[in-house]
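A.B. asks: Pulled these from Swiss-Prot:
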REGION    1-46  region 'Disordered'
COMPBIAS  1-10  compositional bias 'Gly residues'
COMPBIAS  13-25  compositional bias 'Acidic residues'
COMPBIAS  26-38  compositional bias 'Gly residues'
DNA_BIND  38-97  DNA-binding region
REGION    149-182  region 'Disordered'
Amino acid sequence: MRSYMDGGGAAAYEEEEEEVEDDDGGGGGGGGGGGGGLGEKKRRLAAEQVRALERSFEADNKLDPERKARIARDLRLHPRQVAVWFQNRRARWKTKQIERDFAALRSRHDALRLECDALRRDKDALAAEIADLRDRVDGQMSVKLEAVAADEHQPPPPPPPPPLAYNSKVVDGSTDSDSSAVFNEEASPYSGAAIDHHHHQTPASYDTAGFTSFFAPSTTLTSSLSFPSMFHASSHFDGHQELLVGGGGAGAVADADLGGAGFFAGDEHAGGLSWYGAEGW
């Protein structure tokens, strides 16, 4: 048994068609003997009828009794044929809709899966970078802690040496350098102390006869030779005697007051310069 729809039909539609055909066959038999062959005639939908039903389905896939009767009247079909066609068309439409929805969902799922994989790779890369940075920070912190620990265990540097004290010692208001200078002045044969000692020495300690004979008086040489710079009151003997006022004694002060002439105050000293030219001349 074939259905009235192009492209096949459902079992429910075939059962509905059988019921319609049985009704038609029974009606034909009751009408007369010649009408018995009508029940065996098969009806098929024309192409125009199929296009009209498609337009009606696209407009509204719901089929109420009034609309079913109007479509059947316009297409010259039985109302039950119209109802079965709409039922089968809704089933195919639902199947195609499910297939379209499934394809869309599957494509969306694939896109989300790819995006999820990309996000997972990014997450793994970021986690590896974070771990690397954490290792670097831990290494730097460990190095700093080791340096701090080494600084703590290292003994402190020794204190700097104290500044060297000045070695000169002040004794009675004068330093060692001043004392050494005074000592050198006193040890010098030209110092005021030596001159004073020589001037005040007793005649018993000298060979007076030999000394006077050695320094024989020579009036000509004495008168011709003069040493103003050597025996002048402003000579360097005065400077030494002034420096040694505290240690040269009263004789040095007396010689300084005499303007340097105290060294050769006596006649024997004044004539003592004859040896410069007594024998050489």
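Yeah, the Cβs are placed from backbone N, Cα and C, and that goes for glycine too.
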A.B. asks: Considering every residue in the DNA-binding region (38-97), what is the mean pLDDT value?
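C.D. replies: Overall, the DNA-binding region (38-97) comes to a mean pLDDT of 84.
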A.B. asks: For the DNA-binding region (38-97), what are the DSSP-based totals of helix, strand and coil residues?
C.D. replies: 46 helix, 0 strand, 14 coil
